[in-house]
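A.B. asks: Dumping what TrEMBL says about this protein:
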DOMAIN    26-105  domain 'Cytochrome c'
BINDING   Cys39, Cys42, His43, Met82  heme c 1 binding site
DOMAIN    116-197  domain 'Cytochrome c'
BINDING   Cys131, Cys134, His135, Met174  heme c 2 binding site
Amino acid sequence: MTRLTTSEFLIGILAIGYFAIVQPVPAVAQSIDETASVCAGCHGDKGVPIDKTIPNIWGQNRLYLLNQLHDFKVGHRKNEQMAPIVEPLSKTDIEALATYFSKKPWPDLQQPAASDDVKAKARAVLDSLNCRGCHQEHYQGDTARPRLAGQQDEYLTKTMTDFHAGDRKTYMGMVALMKSIDEADIKALGAYLAGFKIPGHP
Ligand code: HEC
Ligand code: HEC
């Protein structure tokens, strides 16, 4: 007969307690595919957003997606289109959506590489402010730090401008960094990062 150690026993009890708390029976059972089909209305059913100012969420880092959905839900990140979408979502829905979209392949948004002038301008900022220190070598991100490589150009520019203006305050580190650069730098960064290819990836 196998005997459980005290810690194994405790982990077992905690796991049972955790699932009992976070998995309430929904009033209307909806599959993750049904919930995600709502998202496709704007974020695209093949991962290509319907509008240039809408971000790609396919293949984005799970923890980052989770944080954003939570921040929209509590009003920490403000957006007219996302607010009514997250309003009815439970914590369990948000966790399931973050997992679902993080497992999808990042789409090729067919954005051109930036021109040499724009590259030079963007690289000067990226190196001096050490963006790769957090967003990683190929701007692929990590956990709560989002992937930037191949994200939509106009969305990147918009959201960096929001940090710059203090309209997006989800992370004060990003607000401070974006306040230290100007509009022309932000535009160059958007074009450079949108056209950046991670070796071996779309
Ligand atoms: C009516 C259009 C619309 C629908 C439907 C929609 N979104 Fe969005 N979503 C947006 C827009 C616009 C933004 C960009 C907000 C901004 O500029 O700050 C966004 C941003 C996001 C972000 C932040 C991404 C990033 O890179 O910061 C996440 C995550 C997200 N949406 C997830 C979802 C999920 C999950 C669903 C479905 C449950 C959904 N969205 C449905 C329009 C929509
Ligand atoms: C100290 C770590 C750190 C550094 C350095 C940093 N970032 Fe970030 N960045 C983050 C984090 C964390 C987030 C997610 C913020 C949130 O939760 O909303 C983020 C978010 C972003 C976003 C939003 C992406 C999206 O999908 O909405 C952009 C764009 C961005 N960073 C660009 C940059 C650029 C360009 C630089 C260099 C000038 C930079 N970052 C430097 C940590 C960092």
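Using the three backbone atoms N, Cα and C, a Cβ is placed for every residue, glycine included.
Would you situate these features in the structure and describe their surroundings?
C.D. replies: The predicted model assigns the domain 'Cytochrome c' (26-105) a mean pLDDT of 94.
Secondary structure at His43 (heme c 1 binding site), taken from DSSP and collapsed to helix, strand or coil, is helix.
All protein chains considered, the CB of His135 (heme c 2 binding site) has 19 other CB atoms within 10 Å.
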A.B. asks: Are any of the binding-site residues Cys39, Cys42, His43, Cys134 near ligand 2, with a Cβ under 6 Å from it, and if so which?
C.D. replies: Cys134
A.B. asks: When you look at Cys131, Cys134, His135, Met174, which the record names as binding heme c 2, what is the longest CA to CA distance in angstrom?
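C.D. replies: Max span of the heme c 2 binding residues, Cα based, is 12 Å.
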A.B. asks: Taking ligand 1 as the reference, state which of the binding-site residues Cys39, Cys42, Met82, Cys131, Met174 have a Cβ closer than 6 Å to one of its atoms.
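C.D. replies: Going through Cys39, Cys42, Met82, Cys131, Met174 in sequence order, those close to ligand 1 turn out to be Cys39, Cys42, Met82.
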A.B. asks: How many Å lie between the Cα of Met174 (heme c 2 binding site) and the Cα of Cys39 (heme c 1 binding site)?
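C.D. replies: Distance (Cα to Cα, whole Å): 26 Å.
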